[in-house]
Amino acid sequence: MIPTMTSAGWAPGVVQFREYQRRWLRGDVLAGLTVAAYLIPQAMAYATVAGLPPAAGLWASIAPLAIYALLGSSRQLSIGPESATALMTAAVLAPMAAGDLRRYAVLAATLGLLVGLICLLAGTARLGFLASLLSRPVLVGYMAGIALVMISSQLGTITGTSVEGNEFFSEVHSFATSVTRVHWPTFVLAMSVLALLTMLTRWAPRAPGPIIAVLAATMLVAVMSLDAKGIAIVGRIPSGLPTPGVPPVSVEDLRALIIPAAGIAIVTFTDGVLTARAFAARRGQEVNANAELRAVGACNIAAGLTHGFPVSSSSSRTALADVVGGRTQLYSLIALGLVVIVMVFASGLLAMFPIAALGALVVYAALRLIDLSEFRRLARFRRSELMLALATTAAVLGLGVFYGVLAAVALSILELLRRVAHPHDSVLGFVPGIAGMHDIDDYPQAKRVPGLVVYRYDAPLCFANAEDFRRRALTVVDQDPGQVEWFVLNAESNVEVDLTALDALDQLRTELLRRGIVFAMARVKQDLRESLRAASLLDKIGEDHIFMTLPTAVQAFRRR
């Protein structure tokens, strides 16, 4: 039976407003004011990272703030322009637009639409489990790579030099060759903004650091007429709100953007769900991954229709809202109202923002993406996890942002296959004073039952590990110190099987039979029993050699 979707299922955000409590209002208002002060300069900065005019960042912020408040399942998550998606947008569109700014803007909006459609369709199809497609080590390494690419993309902006190239190493090389032509007033201004942001984060973490730093830089430029001395400013920003419309794009461009859009959708959704779950857990709340897919999809469609670019969750804005007391998505609606007011009535002030200050804001955000504590945690946990994270970082730097995403997904899948293809296994024995049977490697005092091998393979059986299972099971028999008479497979971990695995199981049974060893199975659940029957293995093994528990299997061996 296909489950029906209720209105709360499609719009889970409505529930928080139905259950709204007056005592939450102060925190939500404060969070809305703070996030708006953070969002406005950040959105403008990320628009420049995406290769678009600063105004596009504000356009891309408006509709997603309203839509996510209704459709999202997280009460804390902040949606809008974000560093990774902005950088991926630039990586995808720069080669396609070839310097045509109008075409670039059309492609950016189209990319947002495609990302949204992919997420929306995936959410409708209940593919929320894809949130686990990127493992933690891969995500940590990917974000570190993104951060380094973000910094390299801003080298020209914060130094006033001309930096060529669209990838990390080409940008670093170009900057190295032009470092003698640094425009020192621009560089000093950028470093001052970066220093102020760092100090505010340390000494006043609840303060809206970005807006304070950028406004301070703007006042300095205006008072000292620094724009006349070579410091670039944003320039004219259209006042008012964007007029929604479908971008005029060709079928050829749509085809070219489909695969990049899928890559951006994966990163957007995965990062968003991980962030939402982390903050929801602090308050004992739950996040619906399928609802998140639909919400992020709708937000990106709206961003595309309002001449923006792909949007995602922002962990920094989410954390800021949480720390100042935000309890529901009302804070996003308040932030939305402030963004609209600024766009309508204060576009002249935005025009005076120094480009170098926005670049410093991007560098500051990038530095916060490099989580050294997570790298240290990976190193302490398992060396292979650390190497996986470093390999992902190297893939992003060497292959570029988009192909780095594909490499990240591939590395996650390969790591999963490696674990499935060669999982832990164990021979079980009895431990004095402890009920049940346990791994003899974990308990040196464990005693085997002479003539009986009880074997457990700790993974679902499938094509990826079928041969590994058969080979290791026979190795256990060969290494047994006594004469093996029975082999009992503890199937508690083997509920999921495919035909390749059952063929390997039958080959194992046949080989053991040839050696005069009885093959039996214990802890066989009903689903596995049905699979054995469908593959005609149940009769071959024999109902009298299929046991519900390990003790009954051992008793049967002793009564043989």
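Including glycine, each Cβ sits where the backbone N, Cα and C put it.
Here is what Swiss-Prot says about this protein:
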DOMAIN    442-557  domain 'STAS'
TRANSMEM  29-49  transmembrane segment
TRANSMEM  51-71  transmembrane segment
TRANSMEM  79-99  transmembrane segment
TRANSMEM  105-125  transmembrane segment
TRANSMEM  138-158  transmembrane segment
TRANSMEM  184-204  transmembrane segment
TRANSMEM  207-227  transmembrane segment
TRANSMEM  256-276  transmembrane segment
TRANSMEM  333-353  transmembrane segment
TRANSMEM  355-375  transmembrane segment
TRANSMEM  394-414  transmembrane segment
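Secondary structure of the domain 'STAS' (442-557) per DSSP (helix as H, G, I; strand as E, B; remaining residues coil): 54 helix, 21 strand, 41 coil.
Most Cβ pairs under 8 A with the transmembrane segment (207-227) among the ranges 51-71, 79-99, 138-158, 355-375, 394-414 are made by 355-375. When each of 138-158, 184-204, 256-276, 333-353, 355-375 is checked for Cβ pairs under 8 Å to the transmembrane segment (79-99), 256-276 comes out on top. Among the recorded stretches 105-125, 138-158, 256-276, 355-375, the one sharing the largest number of Cβ pairs closer than 8 Å with the transmembrane segment (184-204) is 355-375.
When Cβ-Cβ distances below 8 Å are used as the criterion, the transmembrane segment (29-49) is approached by residues 55-58, 60-61, 78, 80-83, 86-87, 90, 150, 153-154, 157, 206, 208-212, 214, 234, 309, 314, 316-317, 320-322, 324-326, 330-335, 337-339, 342, 350, 353, 355, 357-359, 361-362, 365 of the same chain, each at least six residues removed from its ends. As a quick check, the transmembrane segment (138-158) and the transmembrane segment (333-353) miss the bar of 3 or more Cβ pairs under 8 A, pairs 6 or more apart, so the two do not touch. The transmembrane segment (105-125) shares more Cβ pairs under 8 Å with 256-276 than with any other stretch in the list 256-276, 333-353, 394-414.
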